[in-house]
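Annotated in TrEMBL:
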type     : residues  : note
COMPBIAS : 117-127   : compositional bias 'Basic and acidic residues'
COMPBIAS : 982-991   : compositional bias 'Basic and acidic residues'
COMPBIAS : 1009-1021 : compositional bias 'Basic residues'
DOMAIN   : 235-368   : domain 'Novel STAND NTPase 5'
REGION   : 109-136   : region 'Disordered'
REGION   : 982-1021  : region 'Disordered'
Amino acid sequence: MVRRERVAETFARRADGTWEFGSGYLIAPRLVLTAAHAVVVDGAPAPTVMVRFLGDPSTPTGRVAWWRHDDTVDAALVEVTGPAEHVPEAATVRWGRLTGTRGGVRCEATGFPDAQRGPDDIRDTEHLSGTINPGTGAKSRRYDVLVDAWPDSRTRSSAWAGISGAALFCGEDALLTGVLVADPPEFGSRRLTAVPVARFLDDPGFVALVGEQTTESVELAPLFEPPTVVGGSRSPAYLLAADAEVVPFHGRTELLAKLSAWCEEPDTVSTWLVTGPGGQGKTRLAREFAARRRAAGWAVGWLRPDNGDPLDVGPLAASAVPVLVIVDYAETRTDQIRRLATRIGAVRDSGLRVRLLLLARHAGEWWRQLVIGSSVIERALGRHVTELPPLEDTAERRAPLFATAVEHFARALRRRGDQIGPDLPDPPDDLGHPRYGSVLTVHMTALASLLQLGFEPVPEKKGEGVEDVLLGHEERYWGWTAYARGLRFAYSKALRRAVATATLFSATTETEAAHLLGAVPGLRDQPEERLLALAEWLHDLYPAADSRYWGRLQPDRLGEYLVARVTAEDTDLFDGLFGHVPARDTQYGFEVLSRAAALRPAAADTIARLVSSRPELASVAAVAATRSDQPDPLITAIEPLTAQVTAEPDWLDELIAVTWAAPSLFGRWSIEAFRRLVDRYRELARDDPATHRPRLASQLFALAERLNSVGETKEAQESLEEAVSLGRELPDDAETELAPALGLLAKLYMSHGQTRKALATAKESVEQWERKNPPDLHGTVQALSNLSAILNESGDREGSLRTAEHALEVYHQVAEPDPWLTIIATSAGTNRANRLIDFGMQTVGLAIHREVVDTRRRIVEDHPTLFDHDLASGLHNLAKTLHRMGEDEEAAQHIEEAVSIYRPLAERLPAVYLRNLADTLGTEGVILLGRPGKARAAVESLAESERIATAIDDKVLMFAATGGLELARRRSPELRKYVAELRRYRSRSDPPGHGQKSRPDPARVVRNQPKRRSRQDRKKE
């Protein structure tokens, strides 16, 4: 930001007594940045230098403290040595550099050019504006400014003389990017030349005076948070903040090396997720890595919260340098990450490297949902997810960490005037305890020990932890600062509650903040003026880096401990705030409470009461559960709500939608809730059929889809039969899901051996889709593909072929098919290929199977978690076709890939994918059995297939696998023995009581397999 009072005019006396005039800008206490040629005469600093700041007529003296004038740099620092009352207060400067390729970067500068000389011979200011095209001046490594308005150069030698040294500010965030130094005569005063500040910020002489400085990307600054202003706060807790960097960075060498190698990978866009509990060192690691990338020439920044506004990622696509984007608290910013990932797709073809470093407490349900929704992040899934381990794992290794922390905290406390005695604390006796695996715990203990050795320790109670000690010192700090502002409260807990409120909820304006505080018990009776003063106190106490009015007590763990303490004192303290703040703040408040509940049970009681008394908050609490690393209190509060469906259940609709998307947290509860919802609609439909029967039919179909997705196919069929029965009775214009319900019902009839019903229902589904006006081509393709498969199963191969070809004809009528429809069309292609092979056209069928696999693979590259099972199915079909044609070597490659895809799917959703895995393993065994040297591998696959088939009671697959094993046993005595060994293993690993009435747990089947040999081991065999 340009501050007018810091704009300066410089005067330097030459040897002949004349004066050199220039411009400058105050960048640090008493230090003015200007051009070297404005204050250096004949190769040496001018003996007399004076400075005049805008708005002050006095001209205090100065001296040239540093200068550099060579081919690339023309800059100097003038130290103002005159009276301090004539020197403005200095504030932190944000430095910039141009990192993009787009022209037209806006810039401005204020100086004192000769063109502004008046009749009294006094130069006035010129606030010039213009643009920079970064591609100009690349060889000279300078910036050329195309000014918007320029003086007439014919009236004097250089009308711009005197503006040299003016600070050039660029971009929306007005970053100090250059120093104006020249007026090239070739352009008739239309262009000025500036030296980039990046050319001299690392000069040792400059650093000695100003300290180490870093530049920000001018073009990317709107995307990134502004740098944190370090120092100034006397809050004891501030010393623990990652951005304070009081204690030097330590360790993580191996991970930093991996991150550096990741940045050199050829991928255009790639994501790395680093997880770990609060205090594990994620943010500090990211800051260290950011500094290293910045030193390597990268543009680096922490993604700015967007508050729901669209992000302009265009500058990313136009960046001339690689970019590292860091997203802290990623689990709470999934919507923003998803929007960024969607828009960043344009960058993929630009030849640029963009790295997204995400920091989160855990890679839980939020990560799964995010990955499903973003193809950019999907591409990186599985390769770059790291859980940050403890920094050190023994007392011996932690002792040096403690000593280093004590040393640097002591220095920091003494620098700001705190009274710290000469004796430093020793490490705690229990430093080997697991809790000290958190580097934050080590640092908190070191700081608390130091503060307690000072002249003003706080009282300690038995059983209290280090957090209580630090909060005691922090509360003392609150009291001092509030007292200095005249904020005195009769209620002793007022300040504590105010800080806890700011920790739970955010505000965007002072008025909003005051309104929020006015809703807190103990502060409700305060006048508006006092609440505004309290809000301002919080704003200054814990400033926010983003657009929020106030920040939060840091580190997070201390803030969560404070919330746990105040809720223990009064469990209904925040009841009046939840639900009356924006949903995003309510959600974050639930997240903080869930973590606080891990510290004190009272916070869990608060959550339970809030959700129970106001079930409309349950969906927000459920979202919070997906993002919290302590979701249990939220889940426990939500689960009893199924008993509360007594009226029009609008809130339950939303809750079910959220919980269904988080199966790892809410699992079968969401299905039970959906059952209750359907029951409620049945009641409503009895009372008001015209209004609620269409809705009931749709809800029954939705329930059936959910039941089918978790393997509850019999109940799904029953729900569909009821939905279809209702749909047939309703008017044609009623909004129902009859056509898709018929399609799914036909599939379930087929899977349950009800072929006639399946065929009739599939045909009715096609009719329903085709009669829609306008025609629904997507639904028609799916229904025809489904009918083709059922016709084949019923023995009508010719009808199956005709229907598959019809499905493909309809598919080609769709102008822009989406991935879902393309996958459905490939299923029709698979049916067509199989029928052609049945009719003796193996070569044509094989070609179609290859095309299906290629198409699905292309889709999976963008959406692996959505369509990977479709790719596995295509690979399975291709492998079987190749095997029939005698191409076992290629068939083995495809079937092995199919198994590798199905295995993790079966572990995650055994009810859905175990049968696919067993079937694919059986095919793998048959293929390998015919290959030289693969007999034992074949037996392994067949034995695993038999075991899974037994667990899921699939007699067809059991028969196939057993037959394959019997064939293997006849091959040689060695194989006979190996089959017996594997079967004995199966018997030993089965649960107790396994027999005819007790089958193995399907979920254990995949996990408890004998160790399968790698591909290399098989090759050796």
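Glycine is treated like the rest: Cβ placed from N, Cα and C.
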Positions on the same chain near the region 'Disordered' (109-136), where near means CB under 8 A and six or more residues out:
2, 4, 7, 9, 21-23, 54, 98, 100-103, 143-149, 151, 156, 158-170, 180, 192, 320
Within the domain 'Novel STAND NTPase 5' (235-368) only, compute the mean pLDDT.
85
Using DSSP, how many residues in the region 'Disordered' (109-136) fall into helix, strand and coil?
3 helix, 12 strand, 13 coil
Residue distribution over DSSP helix, strand and coil in the domain 'Novel STAND NTPase 5' (235-368):
60 helix, 25 strand, 49 coil
